[in-house]
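See below for the structure under consideration.
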């Protein structure tokens, strides 16, 4: 029993926190790249940031395409933002951290139908207005009359009394 516990502890030490991250599909990886490109376009960003972990990744198929929602963390590097893709950019140990929410919708051919990327400084966290924007992105390109909710038309006509 003791050997089993020791080997389990050693295995957990080698896996670390990276082992708990979700495995990303090809669509999710592409969405992460789109989100990083979008993040590095913003003028207030001076230095490049690198992705240090994906906390959550969801993918939903709609009739107009695929909706991807990602929650991930970024940390500041020593490179200017124009060089963010270069492999020699190293993470600054005390660099700023950001927690990002990205919602991206792609059609079946891979064309971007809509996107939002919100990356506040880590201590803030995602807020409700971003959740509403995320829902709007998920519905991009969908037919608003293509589906109905149960009971949606149950009381659409007033009862007539005789």
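Positions of Cβ are set from backbone N, Cα and C atoms, glycine also.
Positions annotated as disulfide bond by Swiss-Prot: 79-89, 100-119, 103-134. Taken from Swiss-Prot, the feature signal peptide applies to 1-20, supported by similarity to another entry.
Feature annotations (Swiss-Prot) mapped to structure.
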| residue | record | CB count, 10 Å |
| --- | --- | --- |
| 79 | disulfide bond | 18 |
| 89 | disulfide bond | 18 |
| 100 | disulfide bond | 24 |
| 103 | disulfide bond | 25 |
| 119 | disulfide bond | 23 |
| 134 | disulfide bond | 18 |
Task: For residue 134 (disulfide bond), the three-state class that DSSP assigns - done: helix
- [ ] Using C-alpha atoms only, work out the spacing between residue 79 (disulfide bond) and residue 119 (disulfide bond) and round it to an integer in Å.
- [x] 19
TODO: Provide, as an integer number of angstrom, the distance between the C-alpha atoms of residue 100 (disulfide bond) and residue 134 (disulfide bond).
DONE: 12
- [ ] Measuring CA to CA, name the entry from the disulfide-bonded residues 103, 119, 134 that ends up nearest residue 89 (disulfide bond).
- [x] 119
